[in-house]
Amino acid sequence: MPLNVSFATNRNYDLDYDSVQPYFYCDEEENFYQQQQQSELQPPAPSEDIWKKFELLPTPPLSPSRRSGLCSPSYVAVASFSPRGDDGGGGGSFSTADQLEMVTELLGGDMVNQSFICDPDDETFIKNIIIQDCMWSGFSAAAKLVSEKLASYQAARKDSSSPSPARVHGGCSTSSLYLQDLNAAASECIDPSVVFPYPLHDSSSPKPCASPESSAFSPSSDSLLSSNESSPRASPEPLVLHEETPPTTSSDSEEEQEDEEEIDVVSVEKRQPSTKRSGSPSAGGHSKPPHSPLVLKRCHVSTHQHNYAAPPSTRKDYPAAKRAKLDSGRVLKQISNNRRCASPRSSDTEENDKRRTHNVLERQRRNELKRSFFALRDQIPELENNEKAPKVVILKKATAYILAVQAEEQKLVSEKDLLRKRREQLKHKLEQLRNSCA
């Protein structure tokens with residue numbers, strides 16, 4: 001049943017209705033028109049009554065007021081359970097001094113300070129109703145909790161001594177009212193650890209705070225376990241949020257621990273953030289992967305540039321190039337053997353080295369052959385000024401030119417022989433003439 005309290009003085013209208021507002025109007029057969037006719041001249045429209053009948057509490061609960069006043073839910077509950085006056089009316093029969101004295105006695109008692117305010121280990125205070133169910137726990141539940149505390153306090157007050165009248169002083173009552181308002185705010189607030197119960201910088205299991213300030217507003221371990229089990233997203237993954245690696249399952253973590261012993265080329269790039277933290281154990285594995293893509297890029301050479309039109313006899317004309325090729329091949333083979341002895345290489349790496357060596361030697365052979373063709377072209381009179389002459393034309397013209405030169409040589413040699421014979425004849429004739437004259 002809702003709590004209806006009215007004060008004669010110092011009434012705060014902005015919080016009274018919210019603090020005592022019920023979930024529904026309990027009496028479903030209540031005649032609103034008859035009540036309105038008794039208080040007002042004209043009844044309200046039926047639509048207003050319908051919406052007022054089904055009016056709910058605001059969800060989520062409103063933030064508590066931070067100002068000191070007499071309209072907090074705890075004080076309303078205190079006033080509602082206080083002894084009523086002789087006239088049988090509401091709380092309006094009490095004066096302001098009596099109300100302040102009751103609140104001061106409630107907050108100043110030793111039992112209340114130990115069990116309700118200053119005892120953070122109390123299970124009743126830790127397991128707050130608002131924290132257990134923050135959606136539908138209204139002020140009636142908070143008033144019920146205060147009433148239970150008040151009943152136990154009144155039972156213990158009979159045995160204890162009465163408080164001194166000096167506590168009804170104005171300054172003390174103001175501070176006690178402010179503490180009462182803060183106490184009401186603490187009971188109505190929601191702990192942020194319920195929304196996100198996992199710590200960001202603690203890799204171990206979640207522990208409750210050790211300080212009394214934080215423990216007073218933190219839920220118990222049972223409530224944390226129940227919230228973790230009930231939530232579908234609860235998993236041990238968020239417990240390692242401080243690490244740099246992404247959250248993985250237990251099977252993945254076991255596989256990564258086994259893979260750290262044997263590091264291959266494929267898995268190094270996948271576990272690069274973790275190997276950076278490890279340091280020296282994975283230093284040898286990081287040197288291989290950056291070089292392998294570069295080797296593949298450099299070894300990609302098209303094979304359609306070979307000179308298939310050149311006759312096989314041209315290689316016999318250039319024994320120096322072939323000798324250099326064989327020598328460089330031996331040197332590179334020795335280098336590859338030394339590397340193989342120093343560190344075991346895979347078959348792919350060996351094939352890449354062989355392909356790279358072959359490409360270098362083939363490029364050198366083509367360059368030397370091109371320079372030879374250019375030199376031969378310059379010796380042919382017909383192709384001396386033709387820079388775009390193909391290699392086949394150069395070879396044909398060179399062959400014809402060589403044959404012509406050889407024929408010319410034979411002709412000149414025969415002519416030389418004839419001239420030598422003529423000379424010999426002339427010499428012999430000259431000798432005969434000298435002998436005849438003598």
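First residue shown is number 1, and so on along the chain.
A Cβ is built for glycine as well, from the same backbone N, Cα and C atoms used for every other residue.
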Out of 154-163, 354-363, 414-423, 424-433, which range is noted as motif 'UBR5-degron' by Swiss-Prot? 354-363
So, three-state DSSP: helix, strand or coil for Lys149 (N6-acetyllysine)? helix
Counting by DSSP secondary structure, give me helix, strand and coil numbers for the motif 'UBR5-degron' (354-363). 10 helix, 0 strand, 0 coil
Across all chains shown, how many C-beta atoms besides its own are within 10 angstroms of the C-beta of Lys370 (N6-acetyllysine)? 12
Most Cβ neighbours within 10 Å: which of the modified residues Lys144, Lys149 is it? Lys149
